[in-house]
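Annotated features, as they stand in TrEMBL:
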type     : residues                            : note
DOMAIN   : B:1-161                             : domain 'FeoB-type G'
BINDING  : B:8-15, B:33-37, B:52-55, B:112-115 : GTP binding site
BINDING  : B:N19, B:G23                        : Mg(2+) 2 binding site
BINDING  : B:T22                               : Mg(2+) 1 binding site
TRANSMEM : B:281-299                           : transmembrane segment
TRANSMEM : B:343-367                           : transmembrane segment
TRANSMEM : B:387-409                           : transmembrane segment
TRANSMEM : B:421-442                           : transmembrane segment
TRANSMEM : B:448-470                           : transmembrane segment
TRANSMEM : B:515-533                           : transmembrane segment
TRANSMEM : B:545-562                           : transmembrane segment
TRANSMEM : B:609-631                           : transmembrane segment
TRANSMEM : B:643-662                           : transmembrane segment
Amino acid sequence: MIAMTQLRVGERAKIVDLSQVSNLVKRRLLDMGVTEGSEICLKCTMPLGGPFMIENYGQCVGIRRNEAKNIQVKPL
Amino acid sequence: MMHVALVGNPNTGKTSLFNQLTGTYEYVGNWSGVTVEKKVGVLRSKKAKMIDLPGVYSLHPMSRDERVVTQFLLTEPFDEILNIVDASQLERNLLLTVQLLEFGKPLTVALNMVDVAERRGIFIDQAKLAEALRVPVVPVIARTGKGCDRIEHTLLEKVLEQTEPFTLFYGEAMERAIERFIAAWGTEEQFPVRWLAIQFYEGNSYVREYVAEKLPEATWRSLYEQAEKEVQQAEQTPLDQLIYERRRSFVREVIEQSVQRQKIARVTVTDRIDAVVTNKYVGIPLFLLAMYILFQLTFDWLGAPLSDLLDAFFAGPLTDFVTAMLEAIGASEFIRALVVDGIIAGVGGVLVFVPQIFILFFFISFLEDSGYMARVALVMDRLMEAVGLNGKAFIPLIIGFGCNVPGVMAARTIEQPRERLMTMLLTPLMSCSARLPVYALFVGAFFAAHQAIIVLFLYVLGVSLALILAKLFSLTILKEEASVFVVELPPYRMPQWQALWRSTWDKGKGFVKKAGTFIFGGSVAIWLLSYVGPHGINVNMDDSFLAMIGGVLAPLLAPLGFGTWQAGAALLTGFLAKEVVVSTMNIIYHAPDVESLQGLMASHFTALSAFSFMVFVLLYVPCLATVATIYKETGSRKWTMFSMSYALALAYIVSLAIYQFGSLLGF
């Protein structure tokens with residue numbers, strides 16, 4: 001199990017733990033169907049500590065690096 | 001007449017469907033903040049009204065526009081719901097559908113983007129989906145309007161039959177809590193009290209306020225706490241999570257029954273575009289390039305020649321024709337002066353910029369409809385985070401380039417109240433299209449060789465000051481909450497010409513309308529004030545009332561380099577709408593067209609004072625319409641006053657610095 005920030009661009013992983021993520025962000029991710037057990041793919045990262053773009057069943061979501069750091073994933 | 005509420009997730013083609021069903025001109029957007037207000041249209045058959053609500057993921061509101069939907073359900077009368085569902089994102093969309101089904105009104109599902117789903121290997125059996133949800137499911141293609149006849153037919157038929165309300169079983173502990181709530185509530189409502197109970201336990205903030213108005217605080221608090229405790233004991237999960245999970249497992253069952261999946265691994269067009277547009281290294285340069293091209297097209301390549309043509313028409317044939325007409329009917333000198341020097345000069349001076357403004361709005365619409373705006377939020381988030389905002393705040397700022405009013409309203413999609421307020425306060429620093437006529441006038445007169453670069457500088461100045469102030473505000477007066485950022489990046493879509501033209505026209509028509517009302521009236525008033533003085537009518541303009549009013553401000557403006565009564569009067573009237581500054585100048589300097597006005601101004605301004613004046617116009621105060629919008633959106637007199645006073649102070653300081661330093665350097 002690693003933090004999402006340790007994934008390489010293009011790598012796929014399964015979300016294992018969202019409990020450390022701030023409430024507001026977790027709610028939004030839930031709204032978009034991104035939960036524990038969801039399969040994601042890291043699409044790209046923005047420079048200088050900028051946000052991450054992840055894909056989940058064909059939809060893309062942007063989140064901040066410091067939130068991604070708190071998301072535990074298992075690479076597939 | 002029957003009322004149908006249109007509800008759905010953001011980016012599902014909801015507004016397109018609304019336009020197809022109602023045939024009215026509506027604003028279409030691929031950015032989730034576009035539908036900021038409730039819009040009502042009439043179905044093509046004229047048998048029902050349709051209400052377009054903002055796109056929401058859930059009824060549990062996180063941002064201001066999401067509150068609108070829950071508020072609508074609870075307080076407005078309507079007969080049925082049309083729920084638009086994106087077939088390619090069925091699970092997420094159906095989570096909302098469940099909440100709507102629980103509300104108990106007749107519901108029809110419009111299944112959109114079936115083609116997109118099939119390309120991703122998702123095949124939906126519509127009959128089985130309808131059976132599982134026990135509501136009609138109609139496939140549509142919102143972009144082309146295919147399937148809309150069937151929707152209309154189903155909607156009109158639907159209201160006749162009474163279906164049993166949909167109920168989902170949430171587990172013993174939760175069900176007991178729901179029953180306790182219903183008993184405590186006591187009365188019957190227009191909607192199932194069960195729905196209210198579930199939303200209440202889920203933590204829906206709007207519903208909680210609604211409940212608190214009827215039940216005593218002790219009652220609803222103990223209801224909630226007891227439910228929390230019992231559910232925790234029985235299921236070992238928090239209330240809201242339990243509710244979410246039960247809904248999700250229902251939705252997954254429905255999908256299991258009605259969807260066939262094939263593994264199709266293919267790179268979509270969106271993937272390919274995103275590989276470049278959101279690339280780590282070229283993302284930001286590409287955005288800046290896009291902005292550069294936008295401004296070049298608007299001001300230089302396309303807009304300027306068109307404006308020149310229009311200007312030549314107003315100054316030449318139109319003025320000659322009107323003068324000849326007035327002479328022919330024997331109008332008095334007063335009327336001739338009013339029409340030619342007042343109305344044509346004032347209104348024409350502003351209308352000349354219609355081409356540029358429409359081009360700008362066209363490109364903003366293009367950015368919205370194509371899906372690029374959400375990427376801008378992603379690309380710019382790092383910068384915005386540094387100043388205490390998030391990437392989403394960048395979209396209201398870009399929309400603000402067109403007009404500050406929709407910019408301020410677009411801030412509704414920002415979840416954190418602090419960030420939203422800050423975005424609303426800073427959006428007026430974006431140089432809207434109404435300020436463009438002022439720049440065009442001055443750069444034409446004083447910076448003919450460097451027009452584009454000077455105008456670009458003003459835009460950049462507005463953005464830079466907004467960022468600096470954001471940092472300042474988040475360090476001082478608005479520092480409580482941390483900033484949050486989650487953004488959905490919808491697939492790219494090639495905007496349709498028709499939809500683009502509609503939304504361009506929708507945004508641009510306000511400007512033309514303003515020319516016919518505000519600016520027309522303002523021009524007449526200003527001309528009259530310049531024609532009449534304490535010593536009678538048709539006075540020398542320096543002895544007119546306008547000169548007296550403007551003269552009061554002149555000494556204050558002198559340190560900024562434009563201490564004339566003309567500048568004072570123009571700025572004062574510019575509060576109505578910024579383009580009135582140009583109308584006023586046209587009237588004051590008695591210029592028949594922009595070219596001769598520019599010649600005349602050279603004797604009242606130097607290049608430096610003209611520059612200082614432009615900066616002042618950029619910053620000095622949001623226009624009347626924007627102030628009204630800020631007041632409506634913040635609901636606070638204090639913040640509205642603040643938005644005006646900080647802008648005025650900022651404008652004064654920056655212009656003063658520019659003029660004084662510029663003078664020292666010998667410009």
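Along the chain as shown, the residues are counted starting at 1.
Cβ coordinates come from backbone N, Cα and C, glycine included.
Remember, it's a predicted structure, so these values are computed and weren't measured experimentally.
Taking pairs at least six residues apart, the transmembrane segment (B:421-442) and the transmembrane segment (B:545-562) share fewer than three Cβ pairs below 8 Å and do not count as touching. Remote same-chain residues near the transmembrane segment (B:448-470) are listed as 292, 295-296, 299-300, 304, 383-384, 387-389, 397, 401, 422, 426-427, 429-431, 436, 439-440, 611, 614-615, 618-619, 646, 650, 654 (criterion: CB distance under 8 Å, separation of at least six residues from the stretch ends). Neighbours of B:G23 (Mg(2+) 2 binding site), defined as other CB atoms within 10 A of its CB across all chains, total 14. Looking only at other Cβ atoms within 10 Å, the busiest spot among the binding-site residues B:G8, B:P54 turns out to be B:G8. B:T22 (Mg(2+) 1 binding site) sits 19 Å from B:N11 (GTP binding site), taking the C-alpha atoms as the reference points. Here the C-alpha separation of B:K14 (GTP binding site) and B:G23 (Mg(2+) 2 binding site) works out to 14 Å.
Confidence annotation: the domain 'FeoB-type G' (B:1-161) carries a mean pLDDT of 84 in the model. Cα of B:G8 (GTP binding site) to Cα of B:G23 (Mg(2+) 2 binding site): a span of 19 Å. Long-range neighbours of the transmembrane segment (B:643-662) within the same chain, counting only residues 6 or more positions beyond its ends whose Cβ lies under 8 Å from a Cβ of the stretch, are 424-425, 428-429, 461, 465, 469, 559-561, 608-609, 611-613, 615-616, 618-622, 627, 630. The secondary structure of B:N19 (Mg(2+) 2 binding site), as reduced to three states from DSSP, is helical. B:M113 (GTP binding site) and B:N19 (Mg(2+) 2 binding site) are 16 Å apart (CA-CA, integer value).
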